[in-house]
Amino acid sequence: MCACMTKEALLEVCKQNGLYRTASLNDKLYCNFKGFSQIACLEDYVNLKALFLEGNVLETLEGLPPLADLKCLYVQQNCIWKISGLEAVPGLDTLNISNNQLTKLEGLACCPALRTLIATHNHLVTLDSVAHLAECKALQTLDLQNNELEDPGIVDILKQIPDLRCLYLKGNPVVSNIKNYRKVLVTSIPSLTYLDDRPVFDNERKIAQAWLEGGLEGERAMRNQLKEEEEERSRKNHEFMMQMRAAGWRERRKRMGLPDGDTDPALDDMSDGEYEFDEEPEELVEARQRLAAYTARPGEEEPAELASARQGLARDGKPIQEGAWGSGAAAESDSAIYLQSVKAAQAELDVVRQQQPRQLPTAQVLIEELDEPCGGKAPAADEGSTPPALSPMTSPSGSEGQGGEGVAAAKKGAASGAAEGISAAVDINDLD
């Protein structure tokens with residue numbers, strides 16, 4: 001729903017964002033996502049430096065009052081189809097007009113101090129739609145990503161911006177239409193320090209310039225030259241550090257009253273034998289030489305000594321055979337060998353289990369379990385009372401005192417029956 005930008009609405013915006021009620025005291029104003037359809041009633045905000053109008057329904061920038069101090073204007077995500085009305089803000093430094101309906105960039109020459117222009121996700125297609133950029137002489141950062149630019153001639157327009165440093169063109173067909181896109185842009189715009197997704201370093205610029213002048217051969221020569229220069233710098237740094245260390249040792253020897261020298265004084269007390277290392281066994285040297293005669297296994301790391309030995313054979317002109325380290329078929333992997341050993345161990349275990357007889361409880365064990373009271377301990381009895389196991393029992397004939405004998409007989413009978421059942425079970429199993 002559209003809303004009007006009135007003084008009352010602007011005052012409410014100031015309240016919501018903790019700004020001053022007095023308009024002239026504010027140097028920024030957040031009017032984003034308010035549904036405003038036009039710019040109005042900003043005359044009292046004469047000291048604004050940043051104005052946020054993102055996410056409204058503006059169709060034009062007309063209505064901006066003279067704001068001499070305004071540096072940043074954010075009007076992305078609106079419905080603007082034409083740039084106009086910027087004459088009132090000649091000191092504008094940054095303009096974000098992305099995600100609008102622009103088909104042409106214009107009306108920017110009235111902002112001679114404009115250094116950053118962000119115009120992504122619009123409808124810029126032809127060279128004419130961006131030709132006006134040649135008049136923005138102070139422009140340093142230009143973002144035209146995700147438009148519809150496809151003519152390689154845009155490079156000629158960008159060349160006319162003398163101080164262009166950051167350029168973003170990803171998301172446009174022109175990136176694919178320009179052969180050797182990055183090299184062309186780097187050599188065409190000498191001031192460029194950042195292109196799309198990464199910086200432009202000095203070495204890249206030198207390589208691109210060599211490619212422009214000498215093609216691929218010139219590029220290779222420049223890469224080799226840069227590599228040699230880097231190695232030379234590293235060598236000089238190493239020599240300088242060694243000289244500093246030797247000078248420090250000489251100074252230390254002088255303070256300690258030791259003879260002159262370039263070595264660490266702490267090593268003077270060590271004998272020459274402490275620096276000697278045991279020689280490698282002849283068997284190890286011979287094995288390494290044999291292995292070095294074969295190429296490395298694909299996908300496996302090999303010891304550094306083996307790689308060095310193979311390089312030595314190559315330098316001596318000796319042949320290096322293709323294939324595995326050993327003779328014959330390629331050796332099995334460690335995982336396959338381990339799996340086979342596990343299967344063999346499992347098979348042996350299964351055979352042993354089949355040969356072992358079944359272990360069943362004996363009758364004596366069952367009798368002992370029946371004699372053992374519940375819980376492994378006899379229940380505590382009160383003084384003067386008869387234990388439950390020895391309490392008198394009345395037989396069918398009326399006699400007393402024979403209950404314990406009856407219980408014992410019952411246990412033995414149960415045990416005998418259990419033993420007979422176990423024997424029968426064993427016989428049946430033997431038949432199986």
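Heads up, the Cβ atoms here are built off N, Cα and C, so glycines get one too.
Predicted, not measured: the structure shown is a model, and the values here were computed from it.
Non-local neighbours of the coiled coil (212-243) in the same chain are 183, 187, 203, 206; each lies 6+ residues outside the stretch with a CB under 8 Å from one of its CB atoms. Positions annotated as coiled coil by Swiss-Prot, on the basis of sequence analysis: 212-243.
As annotated by Swiss-Prot, compositional bias 'Low complexity' applies to 323-332 (among others).
The annotation compositional bias 'Low complexity' is assigned in Swiss-Prot to 407-425 (among others).
Within its own chain, the domain 'LRRCT' (173-211) is flanked in space by residues 148-152, 154-155, 158-159, 161-167, 218-219, 221-223, 226, which lie at least six positions past its ends and keep a Cβ under 8 Å from the stretch. The domain 'LRRCT' feature in Swiss-Prot is assigned to 173-211.
Annotated region 'Disordered' per Swiss-Prot: 297-332 (among others), in sequence order.
Here Swiss-Prot flags 368-432 (among others) as region 'Disordered'.
In the predicted model, the repeat 'LRR 1' (47-68) shows an average pLDDT of 95. What Swiss-Prot records for 47-68 is repeat 'LRR 1'.
Distant neighbours of the repeat 'LRR 4' (113-134): 76, 90-107, 140-151, 153-154, 157-158, 160-161, 168, 171; these residues of the same chain sit at least 6 beyond its ends, with a Cβ under 8 Å from one of its Cβ atoms. Feature annotation from Swiss-Prot assigns repeat 'LRR 4' to 113-134.
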DSSP-derived helix, strand and coil totals, residue by residue, for the domain 'LRRCT' (173-211): 22 helix, 4 strand, 13 coil
Secondary structure tally of the repeat 'LRR 1' (47-68) (DSSP, helix then strand then coil): 0 helix, 3 strand, 19 coil
The repeat 'LRR 4' (113-134): DSSP-derived helix, strand, coil residue counts: 4 helix, 3 strand, 15 coil
